[in-house]
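The following features are taken from TrEMBL:
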- A:Cys130: active site, nucleophile (ACT_SITE)
- A:Ser21, A:Lys45, A:Gly46, A:Asn99, A:Asn127, A:Lys165, A:Ile191, A:Gly217, A:Gly243, A:Gly244, A:Gly265, A:Thr266: FMN binding site (BINDING)
- A:Lys45, A:Asn69, A:Ala70, A:Val71, A:Gly72, A:Leu73, A:Asn127, A:Asn192, A:Thr193: substrate binding site (BINDING)
- A:4-286: domain 'Dihydroorotate dehydrogenase catalytic' (DOMAIN)
Amino acid sequence: MVNLGVKLKDLSLKNPVMTASGTFGFGEEFEDFIDLSNLGGILVKGTTRHHREGNPYPRMAETPSGMLNAVGLQNKGVENFCKDIYPRIKHYDTNILVNVSGSVIEDYVETAAMINELEHIPAIELNISCPNVKEGGMAFGTSCASAASVVKAVREVYKKHLMVKLSPNVTDITEIAKAVEAEGADSVSLINTLLGMAIDAETRKPLLSTVTGGLSGPAVKPVALRMVWQVFNAVNIPIVGLGGIMNAKDAIEFILAGATAIQIGTANFIDPQVTEKVVVGIEEYMKRHNVQDINDLIGALQIQ
Amino acid sequence: MNYLCLDLFLTDIILLGTMKKLVQDFEVLQRKELNDDHFVLDVKALEPLPEIRPGQFVNVLVKDSNTTFLRRPLSIHFVDYERNTISLYIKKIGDGTKKLGELKEGDSLNIVYPLGNQYSIPNNANTLLVGGGCGVAPLLYLAKHLKEAGNNVTTLLGVRSEKDAVELDAYKEYGNILVTTEDGSFGEKGYPTQHSILEKEKFDYVFTCGPEPMMKAVAAYSAQNNIPCEVSLENTMACGFGACLCCVTETTEGNKCTCTEGPVFNINDLKW
Ligand SMILES: Cc1cc2nc3c(=O)[nH]c(=O)nc-3n(C[C@H](O)[C@H](O)[C@H](O)COP(=O)(O)OP(=O)(O)OC[C@H]3O[C@@H](n4cnc5c(N)ncnc54)[C@H](O)[C@@H]3O)c2cc1C
Ligand SMILES: Cc1cc2nc3c(=O)[nH]c(=O)nc-3n(C[C@H](O)[C@H](O)[C@H](O)COP(=O)(O)O)c2cc1C
Ligand code: FES
């Protein structure tokens, strides 16, 4: 028996495979396809302080080896989550993490404080890629100062594991990672979607209602791997790697680059059973390479 | 609230509770070319098919296409429980549907199904089905269910010209079949909403699927004549089962997922 269990500081995962926020609903959407208790953790939809309708249609465009989305954080707000959704999903035998978003610091703080009270939610993932309305629309996660300020404020009210999800739309992601580590983040997850756009040459129109949107899928994998590797060499807190993971081989690559755990997003749309297959595939890889403990693979990239 | 809404509402609740979604490999039994760009693909399930309702759809995985990353949503055209097959009625649009058009007997096709809600099935009513383009896909299976529930079924297909008027015998099994062609080469000349039957006969229910301008015209006819009407919508879909929220339609109750709360909507609920 090989050991697949990993720890993100105090947070134990039975294996390193988690799902990416916004691609896995509340987990319920996948109950027909897989046994959620086989996963290390699930990330539920981006949750905000208040109800959000999200962006108008069209919200999605397929691109070479990937897709662009402009969902715009459609969700019913944190109160609805606590009252209606949480009681339905809290029995899952896996770590349930809530992805928390906001456009002003107060919203992040209030949302995190409410989720702090939920017994079966051991951690939140702070999504700092949303535009900061007060500072003129620039994303919190694109400057060290604003990233630090939101993490600092949430850290004061949130007592459990605080994961911070980093945006790749920056010049130097290690600076942001160091800034959130300094303010008390317990782990970082990366990457969120890369800003992109798609045009229909025939109609001369953009394919998304918002013109630009977030790119995900295998198209972003090399960028994501590079960023995980850079952040691994810059911080001491554990890293959760994601971006374009389609199979166990991709997952292993992220772990070798320094990720303690990984998340799977877009791949769930193409194969709703992919997460379970990745768990099995990681185990097979370990047996094939005679590795007893997954922890021996974290950051084990051999240069030269 | 009219009876149709109520009907749909009740069946939806039952469905949501019982219908398990599956991901399975199917085997291609045959591909029938209908004309230059339409074909029907019959695929056989390796395990007994679950209950599939008219208006539902499948999401198929296309292999060997560099430009096809996501699955392709396709309506369920027909289900044959004796042969354990699903038929798909497909129009070649881009590389994904073109590759599906190259599948041969014995090839395998991975399918996520059954997805979406369903058309409601009244009893002993005079029903009209209006289809255009590849939007005719769900109407054959719907016609079968309507007939079995004791309804009188008239199917009205709008196509470009005679060569596009296909599978008419199949529809005849379940009722009356009428055609309009844009060039007048077959049936009545014009669009479906210009067909003389709409003046002559009084219908109790209208069901439609096809290009949006056609469905809007059918919806307008139904609204004017106070006939309950259900339409089947398309949208950009990444998952097909409610996980991504990429496929919303604006309704009177806010944004709804076309893939789980649709694709069938009552026109009263849409902001048309
Ligand atoms: C719920 C649902 C049910 C559907 N049922 C059927 C069905 O039964 N039979 C069927 O043939 N099709 C059906 N479709 C449409 C079908 O999914 C698309 O035609 C298919 O995804 C196109 O894939 P492709 O790779 O061939 O083309 P792509 O490479 O994706 O597209 C090629 C070009 O066509 C455009 N395009 C894409 N989709 C459409 C479209 N629907 N109409 C017009 N232009 C489009 C694209 O913008 C692009 O420019 C359905 C769609 C939905 C959402
Ligand atoms: C449809 C869709 C919705 C998403 N919603 C969120 C979200 O609400 N919060 C968030 O932090 N990330 C969101 N993401 C980003 C993913 O969690 C993930 O970071 C990104 O897609 C890269 O991983 P992937 O290539 O495996 O999908 C979303 C991605 C997609 C495709
Ligand atoms: S296509 Fe993903 S929610 Fe409808």
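Glycine is treated like the rest: Cβ placed from N, Cα and C.
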Closest of the recorded positions to A:Thr193 (substrate binding site), Cα to Cα, picking from A:Ser21, A:Gly46, A:Cys130, A:Gly243?
A:Gly243
How big is the substrate site in terms of the longest C-alpha to C-alpha distance among A:Lys45, A:Asn69, A:Ala70, A:Val71, A:Gly72, A:Leu73, A:Asn127, A:Asn192, A:Thr193, in angstrom?
16
Whole-number Å distance separating the Cα atoms of A:Ser21 (FMN binding site) and A:Lys45 (substrate binding site) is 5
Report the same-chain neighbours of A:Gly46 (FMN binding site): residues 6+ apart in sequence with Cβ closer than 8 Å to its Cβ, ordered by sequence.
A:Ser21, A:Gly22, A:Leu73, A:Asn75, A:Asn99, A:Val100, A:Ser101, A:Asn127
Out of A:Cys130, A:Ile191, A:Gly243, A:Gly265, point to the one nearest A:Lys45 (substrate binding site) in space (Cα versus Cα); all of them are recorded positions in the record.
A:Gly265
Considering all pairs of residues in A:Ser21, A:Lys45, A:Gly46, A:Asn99, A:Asn127, A:Lys165, A:Ile191, A:Gly217, A:Gly243, A:Gly244, A:Gly265, A:Thr266, annotated in the record as contacting FMN, what is the maximal C-alpha distance expressed in whole angstrom?
19
Among the binding-site residues A:Ala70, A:Gly72, A:Ile191, A:Gly243, A:Gly265, report those whose Cα falls within 10 Å of that of the residue listed as 'active site, nucleophile'; none is a fine answer.
A:Gly72
Check the binding-site residues A:Gly72, A:Gly243, A:Gly265 for other C-beta atoms within 10 angstroms of each C-beta and report the one with the most.
A:Gly243
Using a 6 Å cut-off on Cβ distance, which of the recorded positions A:Gly72, A:Cys130, A:Thr193, A:Gly243 come close to any atom of ligand 2?
A:Thr193, A:Gly243
How many Å separate the Cα atoms of A:Gly72 (substrate binding site) and A:Gly265 (FMN binding site)?
16
Within 10 Å, the Cβ with the most other Cβ atoms among the recorded positions A:Cys130, A:Ile191 is that of A:Ile191
